[in-house]
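According to TrEMBL, the protein has these features:
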type     : residues  : note
TRANSMEM : B:38-59   : transmembrane segment
DOMAIN   : B:99-297  : domain 'ABC transmembrane type-1'
TRANSMEM : B:101-126 : transmembrane segment
TRANSMEM : B:138-158 : transmembrane segment
TRANSMEM : B:170-188 : transmembrane segment
TRANSMEM : B:219-240 : transmembrane segment
TRANSMEM : B:277-297 : transmembrane segment
Amino acid sequence: MATADLLEIEGLSTYFDTEEGTVRAVDGVSLRVRPGETVCIVGESGCGKSITAMSIMGLVGTNGTAGRIAGGRIRYEDRDLLRLNKHELRTIRGHEIAMIFQEPMSSLNPVLPIGEQIMEPLIEHLKLSKKAARARAIELIAQVGIARPEQIAKAYPHELSGGMLQRIMIAIAISCGPKLLIADEPTTALDVTIQAQILDMLRQFKAESDMSILLITHDLGVVAEMADYVVVMYAGKVVEEGEVVELFERPKHPYTQGLLKSKPIMGQRQDELYSIPGQVPNPLELKPSCYFYERCEHAMDVCRRAEPTLKGVGEQGSVACWLYEEEAIVHG
Amino acid sequence: MSTITGGVAESEVAPAKRPLARSSLWRLAARKLLKNKLALAGLFVVVFMFALCFIGPLFSPYTDNKIHMALMNKAPNLKHWLGTDALGRDVLTRVMQAGRISLTVGLASMVLSVFLGSLLGAIAGYYRGIADQVIMRIADLLMTIPSLPLLFILGALLSEWKVPTDYRMYIVMLMLSFVSWPGLARMVRGEVLSLREREFMQAATVLGLRDRRKLFKHLLPNLVPLLIVIASLNVGGAILSESVLSFFGLGVMPPTPTWGNMIDSANNLIDFQQRPWLWIPPGFSIFATVIAINIFGDGLRDVLDPKPKK
């Protein structure tokens, strides 16, 4: 099975060196995406989801940007993305791996017409002529469900709404038939009705093209709707992962349980919505411990002293929590 | 692949009233400009000066620049609206011909310095590192030397090397853009530094576009408003510098007239006291053109700047 993975991340660590110390934004994260599978990374803000995505795309530590990849491997098919040179990386980006950002409003160039922005990857990767690329761009606009594609192609980003712009972003992302689509909170900036349409569209394109999706979100509703496999991140680490149904029905890690509990239930009015007490720990002050223990209802002595490792529990999935370790280790 | 059409109506287009036009950004700017009366007045004067200088001489019977001893230093009259100079040449015609040179020099040196400045500034800001260091240190060096003395030295060198008069105009253009690109490069670099961190540039990276394409297709168009404003102000500065150079006899040489060397040739007490028609017309032309260009440039800045003003 392992060789069939489309994307395999192993022990990825992305650090940011600040004046106060090193921030371990992503700390030894491993995950895999199989062909045609949708993997969701869930977690609170600041738990390293987006940095993971940016690391995959090679947006960390290049061109003098902050952050560096301190370790790990990102294997895409048979290539290690971290070892590729600029040229090789460029031929993969936008062609085989595409990415959608959170803010459609700021992800499109404000001074270029929409059509030209869709044409660019077509010309760059598929070597289409300008004329063919324009025709294809108009087709793509129609494909993402926007009326009057010819006119929209000539419009500038500020003339469209957020929902339309996110459709355009999707059109750009799928234009070259990528094998992997990384969607970093694609619906967070949109209102709920548009969210559903965007998710539907992603699902449909996935079904039609056997594309894999790595979806990053903090919205468990989105996870339930989209994911085959879920990876829960907390403070830069994977704390639990598993098949979506299993994870929703039998969450193991107290953090996952908390996340699921804090989700409002449709048609049911609760006096007070559950929230996980406390806050994400300051990434500068992390000591070898379970990073969640201060907020955990089941915290034990061992949680304060040592860090649990990700271990397989049950048939599917793994969890990093002392609750599921052998008694001997916990007390010994 | 099929089309998804679930409930996406045209109402999703933000202002659906007007048809989407390709030039809508520019149209908006034009509309704003029409409301700015001062800038319009500036534009009018600039256009008028251009028309006067480039079309005017076609209607003048005195374009041959012949010396007429009989017509020396005549005060303005019906045949010579602005009088004649010490060699009996028509002052109005010479002012118009001088304007051609001055405006051309101003425009050409602006184009050159905008080209140099934005190219180098964009490269410095985009690639940073060594390219940035080298380019910006050269720019700093040029900026620490006051430009006027530098131009004087270069002008003196031109005279020393006996550069043919015909070429001097072109060399003056080069000189002027040589001293004005650093400021421009610095502004462009600053803007690029902030633009390159914007999300759409990240998106362009993720699309796997080449650096050249990202730089020239995605970054530079965002700089156009800034460049237009700098460029318009630059023209005024270049005209002024050229006039100063010519006034000191270091720019374009007579008999080719420029506004600067026309004033220079009236640079004595008698002309100054008794023949104001020799120096007021070129002086006023410089004054009016430069003021008008600056006012227009300021107006353009207001029009093209999307941030609201207090």
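Every residue, even glycine, has its Cβ placed from backbone N, Cα and C.
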Can you see whether the transmembrane segment (B:38-59) and the transmembrane segment (B:170-188) are touching - at least 3 CB pairs under 8 angstroms, only pairs 6 or more apart in sequence? no
Please give the sequence-distant neighbours of the transmembrane segment (B:138-158): residues at least 6 beyond its ends with Cβ less than 8 Å from one of its Cβ atoms. 120, 168, 171-172, 175-176, 178-183, 185-186, 241, 244-245, 248, 250-251
Chain residues outside the transmembrane segment (B:219-240) and at least six past its termini with a C-beta under 8 angstroms from it: 102-103, 105-107, 109-111, 113-114, 117-118, 122, 126, 176-177, 180, 184, 187-188, 191-192, 195-196, 201, 259, 286, 289-291, 293-294, 296-298, 300-301, 304-305
In the same chain, which residue numbers or ranges, 6 or more beyond the ends of the transmembrane segment (B:277-297), come under 8 angstroms Cβ to Cβ? 38-39, 41-46, 49, 73, 75-76, 82-83, 85-86, 91-92, 95, 98-99, 102-103, 229, 232-233, 235-236, 239-240, 243, 259-260, 262-263, 265-266, 271
